[in-house]
Amino acid sequence: MKFFALAALFASTVNSIAVDGLIPGARVIPANDVVALKKAGAYHQKHHHRRTVIIRSSSSDEDDVSADFLWGIKRANHGGRLLLQNGKKYVIGKKLDLTFLKDIEVQLDGELKFTNDVPYWQANNFYYDFQKSISFWRWGGEDIKIFGSGVLNGNGQRWYNEFAGQEILDPNNKYYRPILFVTENATRVSVEGITQLNSPCWTNFFVRTKDISFDNVFIHAYSTNASALPKNTDGFDTLNVDGLTVTNTRVDIGDDCLSPKPNTTNVFVKNLWCNGTHGASMGSIGQYPGVLDIIENVWIENVTLLNGENGARLKAWAGPDVGYGRINNVTYKNIHVENTDNPIVLDQCYFNINATQCAAYPSRVNFTNIVFEDIYGTSSGKRGKVVADLTCSPNAVCSGIRLKNIHLTSPAGSPPVIVCDGIQGDIGVECQSSSNSTTKRSVDLARSLKYRA
């Protein structure tokens with residue numbers, strides 16, 4: 001009898017410890033309670049069992065669970081997992097600083113949705129000087145895993161409507177829009193399986209981050225208003241990043257599919273699908289006066305680019321008050337383009353600068369050791385017969401530029417035209433100067449229409 005009494009007392013003590021400090025609607029499942037983990041939806045074949053934290057979900061789009069989410073993150077930190085359950089919605093209406101993380105998993109099977117309270121978010125956010133960027137939240141620390149079958153929803157329609165007709169790089173722009181997912185001072189971050197939907201601005205922005213990977217992610221931005229389409233909803237943007245991997249991912253947005261920015265090194269991309277985008281881009285870099293920018297050691301393979309402005313693109317700023325730097329050791333291999341305005345383009349007259357200004361104040365960003373190999377498909381014909389425009393600045397070095405096995409055609413006619421100006425050495429294929437009278441008309445058309453945003 002004493003044994004059973006002691007056992008009952010022990011069980012009572014354990015239960016009291018387990019619920020101590022819980023907030024309403026929350027619970028914690030021990031890692032060894034496999035039955036409870038399975039019942040809650042926290043059992044995952046690819047991930048080991050962990051102490052799992054569950055928080056209450058939102059009862060409506062007005063039910064902000066930001067405080068619950070932050071509590072859940074803190075409770076799951078240091079070896080646990082926060083589970084956002086399938087079929088449930090979690091509304092975030094307050095900015096969140098999540099830069100204290102260490103060894104945490106977030107299993108997103110439900111929907112994590114931000115409010116569209118524009119006045120609140122424009123007054124309460126995390127601000128970055130680079131291109132006047134803001135975010136709802138920021139994730140930092142080390143060993144952070146986000147996975148699942150759920151949705152991270154930026155709720156961007158109101159932002160699209162109110163930003164219509166404006167430009168992100170307009171120096172007078174004051175309508176700042178949040179980025180959907182931001183890492184800052186983070187190491188070893190992985191995101192797998194989720195959908196990222198309708199970001200108000202860039203979808204992902206990684207700042208001072210090392211070793212971040214995305215696998216099997218779907219990024220999508222669409223508008224229900226034909227006169228207010230999503231703008232600047234880039235798939236991936238970086239700043240001071242070493243080690244970015246993107247694999248088996250689909251991107252259906254209205255801007256760059258991929259766009260590493262200043263001081264990004266060691267990028268690996270494989271099996272990427274992009275629709276309606278501005279290309280798998282390097283840059284832009286060289287924007288800020290006197291600042292050295294670098295992009296280096298990039299491998300991009302097995303990419304499909306459909307119905308877009310650009311395919312494989314490198315872009316650098318020109319003008320009287322810009323920076324300098326280099327894009328070096330970049331390989332594009334096995335790239336399939338269809339109905340794409342500029343299948344291959346080196347753009348050293350970025351952003352919003354005409355040919356006369358660019359000639360007067362050329363770029364100081366070097367493009368070196370750039371390989372385009374096994375590039376095939378069709379242009380849109382919007383740039384005439386030009387399928388590749390490789391034009392370098394007289395102030396910069398363009399060397400080691402190589403094209404191999406290029407099989408691109410244009411519906412505007414044959415033969416397709418590859419333009420090369422200012423490049424040092426043989427590029428490996430026949431190309432023509434833009435001053436050639438037989439190509440000048442197509443080139444002028446291409447450059448007059450070339451996208452500048």
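Every residue, even glycine, has its Cβ placed from backbone N, Cα and C.
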*Candidates Cys201, Cys274 - disulfide partner of Cys257 as recorded in Swiss-Prot*: Cys274
*Based on the record in Swiss-Prot, give the one of Cys398, Cys420 in a disulfide bond with Cys392.*
Cys398
*Find the shortest Cα-Cα separation between Asn366 (N-linked glycosylation site) and the recorded positions Asn225, Cys257, Asn275, Asn329, Asn354, and name the residue that gives it.*
Asn329
*Length of the line joining the Cα atoms of Cys398 (disulfide bond) and Asn329 (N-linked glycosylation site), in Å*: 12
*Cβ-Cβ under 8 Å from Cys392 (disulfide bond), same chain, 6 or more residues apart: which ones?*
Leu346, Gln348, Phe367, Cys398, Asp421, Gly422, Ile423
_For Asn275 (N-linked glycosylation site), the one of Asn225, Asp255, Asn263, Asn354, Asn436 that lies nearest, given that the recorded positions are compared by Cα_ = Asp255
*Measure from the Cβ of Asn263 (N-linked glycosylation site) and count the other Cβ atoms within 10 Å, all protein chains considered.*
19
*Just the number: how many Å between the Cα atoms of Asp255 (active site, proton donor) and Asn354 (N-linked glycosylation site)?*
21
